[in-house]
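As recorded in TrEMBL, the features of this protein are as follows:
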- 1-49: region 'Disordered' (REGION)
- 7-26: compositional bias 'Low complexity' (COMPBIAS)
- 27-42: compositional bias 'Pro residues' (COMPBIAS)
- 65-86: transmembrane segment (TRANSMEM)
- 92-111: transmembrane segment (TRANSMEM)
- 132-156: transmembrane segment (TRANSMEM)
- 168-185: transmembrane segment (TRANSMEM)
- 268-289: transmembrane segment (TRANSMEM)
- 310-334: transmembrane segment (TRANSMEM)
- 346-372: transmembrane segment (TRANSMEM)
- 393-413: transmembrane segment (TRANSMEM)
- 540-562: transmembrane segment (TRANSMEM)
- 574-595: transmembrane segment (TRANSMEM)
Amino acid sequence: MLEGLGSPASPQAAASTSVVGSSGPAASPPPSPSAPRSPESPIPQRGGVRASVPQKLAETLSSQYGLIVFVAGLLLLLAWAVHAAGVGKSDLLCFLTALMLLQLLWMLWYVGRSSAHRRLFRLKDTHAGAGWLRGSITLFAFITIILGCLKIGYFIGFSECLSATEGVFPVTHAVHTLLQVYFLWGHAKDIIQSFKTLERFGVIHSVFTNLLLWANGVLNESKHQLNEHKARLITLGFGNITTVLDDHTPQCNCTPPTLCTAISHGIYYLYPFNIEYQILASTMLYVLWKNIGRKVDSHQHQKMQFKSDGVTVGAVLGLTALAATIAVVVVYLIHIGRSKTKSESALIMFYLYAITLLMLMGAAGLAGIRIHRIEEKSLDESKNPARKLDSDLLVGTASGSWLISWGSILAILCAKDHPRYTWYNLPYSILVMVEKYIQNLFIIESIHREPEKLSEDIRTLRVVTVCNGKPLASSCLKSGGVAGDVAPRGRDLPPAAKGNVCMREDCGKEEEKQEESSWGGSPSPVRLPRFLQGNAKRKVLRNIAAFLFLCNISLWIPPAFGCRPEYDNGLEEIVFGFEPWIIVVNLAMPFSIFYRMHAAASLFEVYCNI
């Protein structure tokens, strides 16, 4: 018999599970140690402690297996990037194809086993696999499949001088993408309770397979950007920097040439979406791995609701920033590399645009933090892997742009010659660090706050007070509710409370005097201004979240599509050297690009929860 599949092992266990899931804050306290134990109450077993040992051992073994696979793949990627002797692109693609086939076998086994036992009760993590997240990964997966089709066309055009692996890899990747999206739609919320050791190895293998596919996409896209960057340096007057191109074009003719050229250029415009797909898939699978064997707490995640009313200001400002970004990127790509004058003008234009946008984003983030700090609202401290991963990714990926910004600041301060555009780069680099610091604070504090609906329920509970002979005047006074708001909720009270309800109208002036005398005129806590209370406060926060959401998408576009002043200004290469700075940018830029998309996703969740 399969072990559990999330179903209770006994009727007693099922009963206890239902009690825990519905008790919440009103649950009865545990019995004291001196109280007699009922015959039906479970006796703590030492075996429970021993059972956690194999679980920790399985986690350690599976994580080490994943790291071993990941390190091996990274070494193959590095060997191909530096043209190591005896290591070709076909070797790398064979390794990645084998990893994808192994993951496909595991996913087929898991989906088949789940379908065979679909009638059994399964535990779910309500925080994981949100609908908007699955929708985003579906969009990116669709573009990834288009990318695979272009690669197949590229292989057909150059089939005379390409190995068969370059044709097998995109086909396998397309099948892998389709099945993985289906798997994540149906099982991203699962809390696996059976075959846990085997499932840990399967899920962690999937996590690192997607990370290696992400690294492969980053490397291919970075090599393309580096070739364009080397060609531009001459126009800026940096003739002492080598411009030897690292070209991997096949040594044979493609038929028809026009179509092959269009396909080869189109491939690199789709790589940013493929990169986002792989990293999103790996994060969702990582949450699934962390949930294996986890005990679910009683806190249930409120279903997010998208509301578009009252966000006109934030949406208009954000869409304006998005339109300005597209215009700046188009002008930048047209002018950069044409001549020294046009290149410097393009750099100055980009820095002025980015400085303005980052200042507005920083001001909006500070306003949101200020509203959070002065409002009375409890924090949700319950543990869940999805929210912890969101916070860790925000801080971890922001370090990529912080590294580049500090390098630019040091280069500006240490350089002997300072072109005119250099002094625009200094405030831009500082604002990049400050804005991400503020935005991280706003997002992390927002996702740890209780949903607004729960806060209103707490206020209602303050209005309704159980009066066991001694009414609590402070609760009646501070509730701010009216009798009409409370009356319909009376039927939801526990039986002991019915008939003993103290309304604000019944408290009267005598209890107001008791309130004043009990507090002795002490100053009340800081409250929101009158124009920010209630629904107005929610509208302001929604406008801030909507504006920051669109601005993060705007700032994702330039580096993803080739607008990278860190490459093109040339000053950092003079100070640090060409190869060291290129290594720094190639390592940090993918994290900086992913940060913007992940911040946009987190802000969308913040918007829906306000």
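Using the three backbone atoms N, Cα and C, a Cβ is placed for every residue, glycine included.
Only residues 6 or more beyond the boundaries of the transmembrane segment (574-595), in the same chain, are considered here, and those with a CB under 8 A from a CB of the stretch are 218, 222, 226, 229, 238, 241-242, 272, 275-276, 279, 393-394, 396-401, 403-404, 407, 410-411, 414-415, 436, 556, 559-560, 564, 566-567. Segment contact holds for the transmembrane segment (132-156) and the transmembrane segment (268-289), given three or more CB pairs below 8 angstroms at sequence separation of 6 or more.
The listed stretches are 65-86, 346-372, 393-413; of these, 346-372 has the most Cβ pairs under 8 Å to the transmembrane segment (540-562). Residues 346, 349-350, 353, 357, 360, 535, 538-539, 542-551, 553-555, 557-558, 561-563 of the same chain lie 6 or more positions beyond the ends of the transmembrane segment (310-334) yet place their CB under 8 Å from a CB of it. Tertiary neighbourhood of the transmembrane segment (168-185): same-chain residues 93, 96-97, 100-101, 103-104, 107-108, 110-111, 129, 134, 137-138, 141, 144-145, 148-149, 151-152, 155, 206, 210, 213, 277, 281, 284-285, selected by CB-CB distance under 8 Å and a gap of 6+ residues from either end.
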